[in-house]
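Here is what TrEMBL records for this protein:
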BINDING   B:Asp79, B:Asp81, B:Asp83  Mg(2+) binding site
BINDING   B:Cys80, B:Cys97, B:Cys104  Zn(2+) binding site
DOMAIN    B:32-106  domain 'Phosphoribosyl-AMP cyclohydrolase'
Number of protein chains: 2
Amino acid sequence: MNNETWLNKVNWSDDGLVPAIAQDAATGRVLMVAWMNREALKLTWQKSEAVYWSRSRKKLWHKGEESGHIQKVKEIRLDCDGDVILLQIEQQGGIACHTGRESCFYSRLEQGRWVEVDEVLKSPDEIYKR
Amino acid sequence: MNNETWLNKVNWSDDGLVPAIAQDAATGRVLMVAWMNREALKLTWQKSEAVYWSRSRKKLWHKGEESGHIQKVKEIRLDCDGDVILLQIEQQGGIACHTGRESCFYSRLEQGRWVEVDEVLKSPDEIYKR
């Protein structure tokens, strides 16, 4: 279990990162994409909860640490080039996006315009000022 | 239709690229992730077929141009940060991966090892030497 060969098989970018897609294990909906470094991926595997690397805050980000919207990880996959991770998750609270929506992908292209087609389930104020 | 305001709403990287996830519109399976530049995204929208930017070949890549594995695009979404595209597609031939598998995400992490869990549907030789 201390063997980290599997982490070496990931094609980390020059910045030491890899994008990770979080997909709802039950519905198949793609909820978000965030970044992981080596430590984040290792922790995700160990905890079976998604841990990302926040590029803006430059630190590890245990998803849900503030919002409570933890992502329980059911499966971890790697693509053929080794440069994208796909997580099958259970989204606690049913909200992955910081805007209070289920998914970050709520804007749909309609006749040359991005239209916000998904509803806000909980206001960000309510989520983050607990 | 010539108004390209929507293309300006995408947060292009310094290299002028954005990652695009191709998801099977019928099954929800995540098939692959590739990159798009502005022209690729515009063509994807115009043709309703996925066009990517090949970083290795440094040119536009109309997915399926060699393999016949065209991706018919049913929906284009953008995430909350504007830096990831999500396509709902119909995968012609049922194969998205250059290895001849349905999805590029065929390696699953099992007890600290990546295991190839999906079968090759058609050999790459057969796909590319038509």
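First residue shown is number 1, and so on along the chain.
In case you wondered, yes, glycine gets a Cβ from its N, Cα and C as well.
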- line: Across the domain 'Phosphoribosyl-AMP cyclohydrolase' (B:32-106), DSSP labelling yields 13 helix, 29 strand, 33 coil
Statement: Looking at the binding-site residues B:Cys80, B:Cys97, B:Cys104, the one with the fewest other Cβ atoms inside 10 Å is B:Cys80
Message: Can you check which residue among the binding-site residues B:Asp79, B:Asp81, B:Asp83 has the largest number of Cβ atoms within 10 Å of its own?
response: B:Asp79
Query: Quick one: Cα separation, B:Asp79 (Mg(2+) binding site) versus B:Cys97 (Zn(2+) binding site), in Å?
result: 24
Query: So what's the average pLDDT for the domain 'Phosphoribosyl-AMP cyclohydrolase' (B:32-106)?
result: 97
Field: C-alpha spacing of B:Cys104 (Zn(2+) binding site) relative to B:Asp83 (Mg(2+) binding site), in angstrom
entry: 21
Query: How many Å separate the Cα atoms of B:Asp81 (Mg(2+) binding site) and B:Cys97 (Zn(2+) binding site)?
result: 27
